[in-house]
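Trainee: Let me give you the structure first, and then I'll get to my questions.
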Amino acid sequence: MGAPATRRCVEWLLGLYFLSHIPITLFMDLQAVLPRELYPVEFRNLLKWYAKEFKDPLLQEPPAWFKSFLFCELVFQLPFFPIATYAFLKGSCKWIRTPAIIYSVHTMTTLIPILSTFLFEDFSKASGFKGQRPETLHERLTLVSVYAPYLLIPFILLIFMLRSPYYKYEEKRKKK
């Protein structure tokens with residue numbers, strides 16, 4: 001597979017990632033920060049099922065720091081998702097480079113405390129977490145695996161934007 005074909009495969013992966021992120025953000029993540037009345041009972045039940053089944057303490061009783069990440073997702077990331085979907089599914093949109101770098105770094109930065117919480121928090125002593133919590137290493141790793149794509153795909157995006165010869169920044173020079 002040549003460089004243009006590889007680039008198109010990565011662009012399609014990224015386009016589908018952003019496309020899939022729209023309903024996940026709207027119907028799951030933002031329930032923690034938007035009024036409950038906005039969501040049909042089916043979506044509320046889906047979130048309850050997920051949070052209980054996977055013992056996700058952040059979505060059962062979201063702490064303030066996690067809600068701040070969700071607010072950023074609402075204000076900054078959600079408007080970017082359709083733009084990024086368009087740019088990557090269309091392909092060859094060099095203008096997406098800078099916004100994609102900003103998105104990827106922001107998202108990876110928010111995932112560090114989330115994944116660290118799942119891996120290292122002593123939930124038996126943590127009074128800020130109510131409801132079911134991961135108790136075993138297997139339950140913690142299961143939660144990490146649910147959130148890991150939101151660290152890995154932005155990392156791929158960042159490397160792609162920084163290393164792809166197609167997306168590399170070229171300084172425009174004035175002709176004399």
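The first residue you see is number 1, and the count goes up from there.
Placed from the backbone N, Cα and C atoms, the Cβ positions cover glycine too.
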Trainee: Any idea if F129 and L162 are on the same membrane side according to Swiss-Prot?
Mentor: no
Trainee: Could you check which of 127-131, 172-176 is flagged in Swiss-Prot as motif 'ER retention motif'?
Mentor: 172-176
Trainee: Averaged over the whole of the domain 'EXPERA' (10-158), what is the pLDDT?
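Mentor: Across the residues of the domain 'EXPERA' (10-158) the model's pLDDT averages 95 on the 0 to 100 scale.
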Trainee: Looking at the recorded positions V75, Q77, Y150, whose Cα is closest in space to that of D56 (site 'Likely important for receptor folding')?
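Mentor: Closest by Cα: Y150.
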Trainee: Which numbers of helix, strand and coil residues does DSSP report for the topological domain 'Cytoplasmic' (90-99)?
Mentor: 7 helix, 0 strand, 3 coil
Trainee: Do you know offhand how many angstrom separate Y150 (site 'Important for 20(S)-OHC binding and stereoselectivity') and Q77 (cholesterol binding site) by C-alpha?
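Mentor: Cα of Y150 (site 'Important for 20(S)-OHC binding and stereoselectivity') to Cα of Q77 (cholesterol binding site) measures 12 Å after rounding.
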